[in-house]
Amino acid sequence: MGLPNTLRNIPKAFEKPSGSSLHSTIFTPSNRIKSYSSPLYHQNLTGFLSSNRRFETRFVHTPHTCCFQRSNPYIVPPNTTTGCGSADNNQNPDAKTKQEAEIICKLVSTIGNSGTLDSALGSVNLSEYLSPSLVLEVLKKLNNAGIMALSFFRWAEKRKKFQHTPECYNVLIESLGKIKQFKMVWLLVDEMNSKDLLCKDTFALVSRRFARAKRVKEAVEAFERMEKKYGLKPELQDYNRLLDTLSKSRHVENAQEPDVVTYGILINAYCKGKRYDEAVGLYSEMERKNIKATPHIYCTLINGLGSEKRLTEAVKFFELCKGSSDCVIEAPTYNALVGAYCWSTRMHDAYRTKEAYCVFQKMSNEAGCEPTVSTYEIMVRMFCSEGRTDMALRVWDQMKARGVLPGMHMFSALINGLCNDRKLDEACKYLQEMLDMGMRPPDCMFKHLKQFLLNEGKEGIIIILSHKIEELRKTPLVG
């Protein structure tokens with residue numbers, strides 16, 4: 001019969017690929033043909049399988065090798081010990097996935113609507129081949145065809161035991177963003193959230209697509225929605241990624257002009273990213289454009305500059321806020337200024353501590369700006385770090401007189417400060433008050449106190465306090 005005649009009688013799925021089409025056949029030495037058995041490699045997929053049901057049932061699920069010995073072809077099942085089967089072990093699975101993805105994309109691209117797609121792909125048992133990596137590869141190849149990508153995505157999710165990964169969703173969101181299908185993008189985000197698949201990379205993609213669509217404000221709002229609606233707290237790298245996206249979009253002609261809200265978010269992002277000069281530069285840009293800063297923007301700048309120990313600039317922005325007819329100074333702004341003074345004490349002398357206390361007193365006496373528990377905690381921490389526990393206790397008593405209750409971290413700061421000042425009786429007194437309020441002390445704080453008590457030979461007090469803490473731990477909460 002001869003090899004040429006044998007080749008002519010092989011099903012079309014095993015033919016050597018032409019230059020214009022992709023098939024699975026790989027020719028190897030010694031007159032062997034290595035062929036993937038997936039029917040995806042057949043040009044006329046539905047027709048071939050409908051006329052070869054036995055082939056579909058027995059051959060479609062696993063790769064086989066078609067060998068020739070004395071011109072007689074035969075199929076070698078998988079996992080055999082013949083020489084032909086060994087070639088399969090060397091086949092790169094990634095390359096195979098890419099080949100299968102190309103065939104699926106070719107089929108998808110010839111389908112006009114999702115109904116036909118469901119019919120064509122649904123006629124083939126693809127359960128073994130439909131892995132997340134294959135679906136992801138198909139979606140990547142359909143990246144510039146958002147509607148087709150969505151059709152395939154919906155078809156894939158109906159497959160038995162198949163679940164999309166966050167990567168699959170993100171690739172689809174990227175492709176839909178390219179064609180400005182943002183309503184569908186947000187539906188997919190909600191869908192990811194309901195399946196607990198949502199991640200911060202998703203919002204980076206959404207922001208980037210909005211920015212490239214010259215919709216800068218919506219890019220910023222997408223970033224904000226990440227935390228406000230979905231509870232994903234941004235970190236330094238997330239802010240820097242947003243800034244990189246927006247800095248590129250700012251050079252796009254006809255991009256939306258940022259408003260005060262956008263400026264506020266950008267300034268906050270620069271401060272979070274510790275890029276304070278650029279944050280101040282944006283404030284100057286607002287002034288040039290006659291855009292009035294909000295109290296929140298001033299507060300953000302004071303907080304950021306204060307944490308960087310740039311106290312003079314922080315005070316300057318506080319005075320600008322105070323002198324603005326459009327701003328009413330509120331507690332958070334005072335908190336930011338008090339914090340700026342406190343941070344600066346690490347580099348300056350006690351004069352800064354006195355200034356901070358003066359600002360705190362002024363805040364206490366100004367209507368509508370009563371100190372919050374955060375303000376009191378800042379002051380207590382500052383005085384304790386300076387070894388002025390007498391002033392810390394004065395602030396504490398003032399707080400209690402106003403009916404403000406301390407939190408666990410504030411108790412810890414005071415007790416640690418009293419320990420360092422060797423005022424152990426008072427430290428134990430406030431620990432007892434903490435326990436009476438139902439708060440368990442942090443392990444590190446109690447360990448700190450125990451060490452001081454041991455040094456003073458007060459093991460009995462340690463036993464009593466440990467017993468009380470254990471009792472509190474075992475006390476059930478009653479709702």
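From the backbone N, Cα and C atoms, a Cβ is placed for every residue, glycine too.
Annotation source TrEMBL lists region 'Disordered' at 1-22. What TrEMBL lists as repeat 'PPR' is 259-293, 372-406, 407-441.
Outside the repeat 'PPR' (407-441) by six or more residues, the chain places 373, 376-377, 380-381, 383-385, 387, 389, 392-393, 396, 448-449, 452-453, 456, 458, 461, 465, 468-469, 472-473 with a CB less than 8 A from a CB of the stretch. Mapped onto DSSP helix, strand and coil, the repeat 'PPR' (259-293) counts 26 helix, 0 strand, 9 coil. Averaged across the repeat 'PPR' (259-293), pLDDT in this predicted model comes to 86. Distant neighbours of the repeat 'PPR' (259-293): 216-217, 220, 223-224, 234, 236, 239-240, 242-243, 246, 300-301, 303-305, 308, 310, 313, 317, 320-321, 324, 326-327; these residues of the same chain sit at least 6 beyond its ends, with a Cβ under 8 Å from one of its Cβ atoms.
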